[in-house]
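Peer 1: For reference, TrEMBL lists these features for the protein:
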- A:Asp77, A:Ala78, A:Thr79, A:Arg106, A:Gln116, A:Glu120, A:Tyr266, A:Tyr267: L-histidine binding site (BINDING)
- A:12-310: domain 'Class II Histidinyl-tRNA synthetase (HisRS)-like catalytic core' (DOMAIN)
Amino acid sequence: MRNKQLLHTMFYPKQFSKKRHVIHTLTGRFSKFGYQQVETPVFENYDLYNDVQGTVNTADMLKLIDPSGKVLVLRPDATIPIARHYTNLQEEVATGRLSYVLDIFRSTTEERSRTQAGVELFGERTPEADAELIALAVTSLKELEIPSFKIEIGHAAFYKELLREADLDAMQQKELDQYIQSKNISEIVPFLKDLGLEAALIEKLRKIPMLYGDASFVIDEAENIISSDKMREELDYVSRVYQLLQDYQVDSYISINLGLINHMNYYSGIIFQGFAEGLGQPIMMGGRYDYLTRSFHQETPAIGFAFEVDLLVDLLPGIFTEAEIIQLRYEASERQHAFQLAELFREANQTVIVKAFDKKENRSDSPEILVKSEEIVYSKQKEAAVFKTNQELLDWYFRKDVK
Amino acid sequence: MQPVTIALAKGRPAKQSIDLLEAAGIHFEGFHEKTRKLVFFNKDKTLRLIFLKGMDVPIYVEKGAADIGIVGRDNIIETEADVYEILDLGIGKCKFSVAGKKGVSLPDNQSLTIGTKYPNIAKKFFDKRNQTIETVHLNGSVELAPLIGLADYIVDIVETGNTLHENGLEVLADIETISTKFIVNKASFVTRSKEIQDVLKKLEQVVSEKNANSPL
């Protein structure tokens, strides 16, 4: 059904200034929480992903062959390469906090490439670490002024634990995941009955998709389907993370969803995703993956999330007002003077385009400065002013801004 | 506050869906059966009803242009929309079937040409049988395809079987049953939880009463 375009979306200047703003805001937030930015290679060995089971579907990766015949892939994920390098990075990054802004390539998305901005926190397996990440995600979205959003929190192992009793094969499990993900309650029961499961277990499984909404309600309801100590532990964990989020004062942005399933099955604990009003896809996804690093020598607990930058760009309200651009013109004799003046403006963070004066040129709405041999003339639409020296003009211009 | 938007498949199934909404106490101003208007509001303008082509309903809901959709499951499966399929409304019941000319059997050891409005569903069914097919994507009068020789068999929705019968065709295999579903955009379900739950609860009530009165 869906047509795949071959190219990344082209960002025109107005759109791109939004994207720059999103990335700037997110990286600023990440760094204020102590996350240090890294970059992973664009080209990676196909074998890296082929060997780490249950991560990226090998069919979804964009592959290429280098001149020696080795198969490479375009970076299909950020978490896996960062987790792999973390063992080497450990000494440099004692806090275990890393962030990134990277293009991710997969053949499953329409554009085949998308920009993700995210963080990873290594070495801590505590509700405090989980809550820190979720709070970081919420405050980032607030700072971006995304109009209406919610973060859903679930637990990757809660439903899997219940499934253990059912003993399904991979195909059956995939089908059940699909029903639970789409909250397709009317079809879960006949499907499970066909598989010959016990009535009591069916009753528990069909409740999973509705374990959804306010924390107090969900946690109470979930009590009823707990059938092992492991499930109790997991539920307690979710509830401790939620209490921490209350102290962060971000709980109004949180929903609990114990029917949440992430298709990246390296997740082992808390999982979460963010939704914004008017968009069916998650704008953010993340979770705890304590065992992924096991594939790379040393096991380290870890948790991370990623924002979909391109979706956030679409959600940003209104049009961005661009910084004012000064058109600086000069008479032939004043060229050096004009270049100097332009540089003074730029040092003060002002955008300037310099050109030789041309009488025929159309007047625009943007401010113009004409450098003549005896004076400097500033004009903007009907407003005009004349100055003797650079300093007089600069003082006046920046005071005017303040007013 | 923006109204919650409900997308409805227009045409024949719309009548039953509207009846169900009415029974749940949800009324849209100025709606009557013969109207050609496509947008309606309830009295306090908290709900907006829009009429779309069936196949477009899941797309509108997935993309967030509508918060809620009321649409046949055939359209949901075919578009592969990523939405919550929360409630089976128990109306518009029919099934997907493979049909062919009377007296012809459905072979399982050769590649077939299938005429259908639903190539994805056809492909999935034959994939499960490990059979390769070529689909001819049609937009209507699918029953004609085997008669004219455009396709060997068809995959289509069968309600009573009358249309098939009149055109000299018969059902050879059933794929699955379908009915009308209440679907919700995944973001709206969280961000507009209260309004959506309100509509959902009212409909659930009506559906369960109906089921209680007419046990199958």
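Cβ coordinates come from backbone N, Cα and C, glycine included.
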Peer 1: If you measure every Cα to Cα pair among A:Asp77, A:Ala78, A:Thr79, A:Arg106, A:Gln116, A:Glu120, A:Tyr266, A:Tyr267, the residues listed for L-histidine, what is the largest value in Å?
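Peer 2: Per the listed residues, the maximum Cα distance equals 21 Å.
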Peer 1: Please report the number of other Cβ atoms within 10 Å of the Cβ of A:Arg106 (L-histidine binding site).
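Peer 2: Its Cβ has 19 other Cβ atoms within 10 Å.
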Peer 1: Relative to the Cβ of A:Asp77 (L-histidine binding site), which residues of the same chain, six or more apart in sequence, are found under 8 Å away?
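Peer 2: A:Tyr49, A:Thr55, A:Val56, A:Ile104 - these are the non-local Cβ neighbours of A:Asp77 (L-histidine binding site), listed in sequence order.
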Peer 1: State the three-class DSSP label for A:Tyr267 (L-histidine binding site), counting H, G and I as helix, E and B as strand, and everything else as coil.
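Peer 2: Where A:Tyr267 (L-histidine binding site) sits, the three-state DSSP reduction gives coil.
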Peer 1: Tell me which residues of the chain lie with their Cβ under 8 angstroms from that of A:Glu120 (L-histidine binding site), as long as they are six or more apart in sequence?
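Peer 2: When sequence neighbours closer than 6 are ignored, A:Glu120 (L-histidine binding site) has A:Thr79, A:Ile82, A:Ala83, A:Tyr86, A:Arg97, A:Leu98, A:Ser99, A:Tyr100, A:Ala302, A:Ile303, A:Gly304 within Cβ distance under 8 Å.
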Peer 1: Within the domain 'Class II Histidinyl-tRNA synthetase (HisRS)-like catalytic core' (A:12-310), what mean pLDDT does the predicted structure show?
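Peer 2: That region's mean pLDDT is 89.
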Peer 1: Relative to the Cβ position of A:Gln116 (L-histidine binding site), how many further Cβ atoms are located within 10 Å?
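Peer 2: For A:Gln116 (L-histidine binding site), the count of other Cβ atoms within 10 Å is 20.
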Peer 1: Using Cβ atoms only, which residues of the same chain lie under 8 Å from A:Ala78 (L-histidine binding site) while being at least 6 residues apart in sequence?
Peer 2: A:Thr40, A:Tyr100, A:Leu102, A:Ile104, A:Gln116, A:Gly118, A:Ala306
Peer 1: Just jot down the residues in the same chain as A:Tyr267 (L-histidine binding site), at least 6 apart in sequence, with C-beta under 8 A of its C-beta; none if empty.
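Peer 2: A:Tyr267 (L-histidine binding site) has long-range Cβ partners A:Ala156, A:Gly287, A:Arg288, A:Tyr289.
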